[in-house]
Amino acid sequence: MTLTKETRVTLNDGNMMPILGLGTYASPHVPKSLAEEAVKIAIDVGYRHIDCAFITGNEMHIGNGIRSKISDGTVKREDIFYTGKLWCTYFSPEMVRKGLERSLRDVGMDYLDLFLMHWPVSLKPSGASDPSDKDKPFIYDNVDLCATWEALEARKDAGLVRSLGVSNFNRRQLERILNKPGLKYKPVCNQVECHVYLNQNKLHSYCKSKDIVLVTYSVLGSHRDRNWVDLSLPVLLDDPILNKVAAKYNRTSAEIAMRFILQKGIVVLAKSFTPARIKQNLGVFEFELKPEDMKSLESLDRNLHYGPFREVKQHPEYPFHDEY
């Protein structure tokens, strides 16, 4: 199948997700206003899939950007596929509605196209909420993931969410949701870190077998935010083999890294606040990697997580103790 910026994948609930989306995470020192401008530019050049999360603290700016492009007639609300995420401190069933409604209020929408459980680890709101919160410890909670899922299903029934999914779940955790007695809605996707150094082949194969779409963040090897990433790790885009393939196609290493994942049938979220790069990333639809180059890039896998969220490594639901 020829891939274009208009290509969408059909989710297991019948809704459609664009195969390329704009990631909007920004490290704390980056002005939140840049996210708003990035969204406007992305929509102008053809992006229709915008991914955000409560924990990034910029949903209000993302919403401003989307609404401005609706107001000027560039798009209609139904043209946009917007993803939000329920943070780990909102996993108690009685907190799920509050977490969702806060995102709806911040982004200024009546509904979200997709709402994800951000990580499979429940945290108590009285402790730290993310790794940049240095003044508090993380306080683990023991909320049953299935109980959170049931509360999310109720929000879908209420019309506040079109599709439900998960993020950073391993196979065992996915199976727990899928095997839940009385399950009403399967997760439509699992959003995970995935790139040439972490190709996620086993998890991808499992998800496909269950009609769950794999979506990738950090496709370019992640931002270099020391709150989340070990800065001693190699810079993915400097990889010699990746750059050799890029030279062969007269493309950037970023374009090759994204095209590799897209050709594997995985939805890609490309994060950038730089106008030129936002436009350049659409170049992934202008070429196709040959089988021998796909094979060469497959060989780069080293099971490397740039963002393993080690701060919760002792949590009983920490996902990366399992193989996949």
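Positions of Cβ are set from backbone N, Cα and C atoms, glycine also.
What Swiss-Prot records for 218-281 is NADP(+) binding site, and it gives similarity to another entry as the kind of evidence. What Swiss-Prot lists as N-acetylthreonine is T2.
Per-site Cβ counts within 10 Å over the recorded positions T2, S218, N250, T274 peak at S218.
On a Cα basis, the residue listed as 'N-acetylthreonine' lies 27 Å away from T274 (NADP(+) binding site). Sequence-distant neighbours of I266 (NADP(+) binding site) (same chain, six or more apart, CB under 8 Å from its CB) are C194, Q200, H204, L214, V215, T216, listed in sequence order. Cα of the residue listed as 'N-acetylthreonine' to Cα of L242 (NADP(+) binding site): a span of 23 Å.
Of all the Cβ atoms in the protein chains shown, 11 others lie within 10 Å of the Cβ of R226 (NADP(+) binding site).
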